[in-house]
Each structure stands twice: as structure tokens, then as C-alpha cells.
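Copied over from TrEMBL:
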- Ala10, Gly11, Leu12, Gly13, Thr14, Val15, Gly16, Gly17: NADP(+) binding site (BINDING)
- Lys107: NADPH binding site (BINDING)
- Glu192: L-homoserine binding site (BINDING)
- Lys207: active site, proton donor (ACT_SITE)
- 351-423: domain 'ACT' (DOMAIN)
Amino acid sequence: MNSPLRIALAGLGTVGGGVVKLLDENRDLIARRAGRPIEIVAISARDRSRDRGVDLSRFEWVDDTSSLAERDDVDVVVELIGGSDGPAVALVRSAIASGKAVVTANKAMIAHHGLELAGAAERAGTALKYEAAVAGGIPIIKAIREGAAANRIDRVYGILNGTCNYILTEMEENGAAFADVLAEAQRLGYAEADPTFDIDGIDAAHKLAILASLAFGSEIDFASVLTSGIRAVAATDIAHAAELGFRVRLVGLAEVVGDRIHQRVHACLVPLTNPLAKVSGSLNAVVAEGNFVGRLFFEGRGAGEGPTASAVVADLIDIARGEAGPAFSMPSEHLEPIGAGEAGDRRGRYYLRLSVADETGVLAELTATLRDAGVSIDSLIQRGQAESGGVFIAIVSHETSESAVREAIEAMRASGSVLGEPMLMHILDF
Ligand SMILES: NC(=O)C1=CN([C@@H]2O[C@H](COP(=O)(O)OP(=O)(O)OC[C@H]3O[C@@H](n4cnc5c(N)ncnc54)[C@H](O)[C@@H]3O)[C@@H](O)[C@H]2O)C=CC1
Ligand SMILES: N[C@@H](CC=O)C(=O)O
Ligand code: NA
């Protein structure tokens, strides 16, 4: 057997603890597959005394996490602290500068600094790997970067946040309250340290920006992702969606349109016939469309200890085998800066939920406003009592432009016929 790959673990929370357990349980199998053992040399986290359900006394504990980057007895620094800036990125920068390989699960850091870090790793002749950062256990980085590398990819999309998918599923299937399910997602280790990153769509936007770069060969452009989350999704939307033949899902979608890239994360209505509608709980799914391979669909656990550890250790096995290569789908200097498209350009079907006064003539006024804006109605239902005292109207449009629907909403607001905040969602029709 060859000499071991020596690793230092920074961060021993959900993912770090999972990595220790996986390396213990599958130790011999991994050594055979990698051609050499993978051994933890040193560990570091904020709180030494915390019980992580695994014996850590056999490893050297280091109080100063940043010192892991300098050690001569470490080949790979595994960064599992999190955060787009601060100690995680400082550790990764200095590990790369010392010629060490880096494995990370930190999508926030890759979305913000991926290009810089990839360039630094290339110059240092070392590896930067981050399979766990996108869609947890689904090997989607490997699939796009290697398996589909021969294709031009113009669209990549999917369900990229396990916490939101778990919340939406529990709300739909069990009528659970948003706050209760979020607390459970935190207990299960799915949520980010700050769960607003999950529910406001930021975590999914980090992942989408990384996927778009890999798929399109473009520089990561996190700042251009139009991002909204699931806070505004009400139980009534989920019920309306079911009645109309849809499920509500938080979808990240990136596509090339002409010479522009559109990137959006938002709650969508997904037709029940679409495989994404069947993705439930903490599962994630990613669809990539290649010009030769066609449509690829990947599904698996996007969050939690086991699936995320699986992705981290897969990266370590690649490094142990000497199979690392560039961090993105090409050397970072070949990634192109591609501009972002305009939001109002999108054409498609829309779901619009309004609360309106329960009075004669209001419905006729609404439909006339939509008609005047060039929006024609596919289906309309009136259901339930709104908190504002009015009734809920849910409308599904035929294909139209987003700007037309927004124009109609503004006209309805101006006329005073709409009570409360309207809810607009795209319908995912591919
Ligand atoms: N939990 C999940 O399902 C997934 C998490 N990730 C990512 O993995 C990373 C880690 O996530 P979790 O394990 O869930 O987080 P966690 O909060 O459970 O663990 C974080 C660990 O980092 C340590 N830490 C925090 N600040 C530190 C500092 N200044 N110096 C040294 N150690 C410090 C903490 O003591 C803790 O051991 C994050 O980047 C997260 O986005 C990625 C995919 C899935
Ligand atoms: N908080 C994230 C964890 C994995 O990336 C999620 O819920 O998907
Ligand atoms: Na992954």
C-alpha cells in the first residue's frame, strides 16, 4: 500500500463529524479504492469539549485553526467551517499558498471567491475541490465537470436547497407550520448556521452560480442571481397549486439566452408530471441539458451529515488517486465573463395569487386588467378567506411576458381592488 494521504480537518460540526465517521466505517474500502489510506492527522474547531458522537481523542487537537495550513505533515486541508469570508477563506488561501490541496463544502466561499482560489490553486500546482458544496451528496460537480465535459450546456436547473424542500414538502404533506419545520431542519443538520441563507434563497443562489460557471464555462457571477426564497409562500399557495396540478418548489435556474446568462432562484409551480415535482424532503435534484448527451437528471440527498460527508470523501479519494485537475470545467483563465440578462425578458406561464374584496364586479375588473396588459387566463380559482378579510383568487396565465404580468399587478394595486401583497410565481414548463 502506498503512503497515506494525510488530512487536517477544520470544522467538526454536522459535516466534519460525518467525515470522521465515514473515514472510520469505510476505512479499508476507501484505502483499496484510493490506492492508499486516508488518515486524519490533525483536527480543529471552535469548541473542543463538544460531544460529536465520535471518538476524537486519537487525533491531534489544534486550537489555532489557521496553523493547519502550515503543517509539514498535512497534504490536504479540509475546510468545513463555513462562511464566505473570515477564518474559512483565510485558511484556504494560506493552505493553497503553502502548496496544500483543499477540499471544502463551503458554497458561500466558492460562489464569492471561487475564481481567485481556483487561479491560486492552479498557480500553486495543487487541487481545490468542492463536490459537497453543490447539492450535497449528488456528484454533480463531477458529472458536469467530467462526465458531460464534451457537451455545450445551455441550461442547468434544479432543487438546490434541502432545507427549503423539506419545509415545502412538510407544509404540503402534513400541513406543518413553516417555523416548526425550519426548527426540525436545523435539528437534523440541514440548515445553514444562519438559516435565513436557506429560506431567502441565498444558499441555493450560491450553488446555482457555481453550477452555471461549470456548465457554461463562464466566470462565477453570484451578484447577478435574481434571488428570492420561500418566506412569501403561504399554505394557501400550496393548496392552490395542488388543486391546479402543481407543487411549489424552490428552483434555481441558469440558462444562456443569446449572449447573456439568466440566473434565478425563486419559488415556482412545478407541474405534477415534471420529475422535479416528485423530489421531496431534503432531496435535491439537478437537470443539465447537453447538446449531445441530451437531458441529464440527478437526484439525491442535498443536505445532512452522511450525504455531505460522502461528497467530501469522494474529493479526497480523487486527490489520493492524483486525479484532481482544474477546479472548474477548464483552467480559470479560460472562463469567460458573460453578462447577465434582463428579468422582464422571461416568457412563460405564471401563477398569480391575490386577495380581493368579496364584492360584485371585482372579478370582472381583475380579468379586464389582465386582458388590458395582454395576459390571458388559463385557469382561475377562488378559494378560502384571506387574513385581509377578502377572498383568495388564484390565476394561472397562458404564456406571456413577466413584464406584462407585473404591469397588470401594478394596475390592480392602483385601482385599490387588491388587498394585501399579491404573490407571483413562475411555472416551470420544461
Ligand atoms: N449541513 C449540511 O447539510 C451541509 C453543509 N455544507 C457546508 O459545510 C460547511 C459546514 O457546515 P456544517 O457542518 O453544517 O456546520 P456546523 O455549524 O455544524 O459546523 C461548523 C464547524 O466549524 C467550527 N467553526 C466555526 N467557526 C470556527 C472558527 N472560527 N475556527 C474554527 N472552527 C470554527 C464549529 O466549531 C463547527 O465545528 C458549511 O460551509 C456549509 O455550508 C454543505 C453541504 C451540506
Ligand atoms: N443548508 C443547505 C445544506 C446543504 O447544502 C441545504 O439545506 O441544502
Ligand atoms: Na455534490
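Backbone N, Cα and C atoms are what each Cβ position is placed from, and that goes for glycine too.
Annotated features taken from TrEMBL, shown on the structure.
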residue: Ala10; record: NADP(+) binding site; Cβ contacts under 8 Å, 6 or more apart: Gly16, Ile43, Ser44, Ala45, Thr65, Leu68, Val77, Val78, Glu79, Leu80, Ile81, Ala88, Leu91
residue: Gly11; record: NADP(+) binding site; Cβ contacts under 8 Å, 6 or more apart: Ser44, Ala45, Glu79, Leu80, Ile81, Gly82, Ala88
residue: Leu12; record: NADP(+) binding site; Cβ contacts under 8 Å, 6 or more apart: Val20, Ile43, Ser44, Ala45, Arg50, Arg52, Leu56, Leu80
residue: Gly13; record: NADP(+) binding site; Cβ contacts under 8 Å, 6 or more apart: Ala45, Leu80, Gly189
residue: Thr14; record: NADP(+) binding site; Cβ contacts under 8 Å, 6 or more apart: Gly189, Gly304, Glu305, Thr308
residue: Val15; record: NADP(+) binding site; Cβ contacts under 8 Å, 6 or more apart: Leu80, Ala105, Ala132, Glu305, Thr308, Ala309, Val312
residue: Gly17; record: NADP(+) binding site; Cβ contacts under 8 Å, 6 or more apart: Arg52, Gly53, Val54, Glu305
residue: Glu192; record: L-homoserine binding site; Cβ contacts under 8 Å, 6 or more apart: Gly82, Thr163, Asp198, Asp203
residue: Lys207; record: active site, proton donor; Cβ contacts under 8 Å, 6 or more apart: Lys107, Ala111, Ala133, Val134, Ala135, Leu160, Asn161, Gly252
Going through the binding-site residues Leu12, Gly16, Glu192 in sequence order, which have a CB under 6 Å from an atom of ligand 2?
Glu192
Could you tell me the mean pLDDT the prediction assigns to the domain 'ACT' (351-423)?
90
How many other Cβ atoms sit within 10 Å of the Cβ of Gly16 (NADP(+) binding site)?
27
Would you mind splitting the domain 'ACT' (351-423) into helix, strand and coil residue counts from DSSP?
25 helix, 30 strand, 18 coil
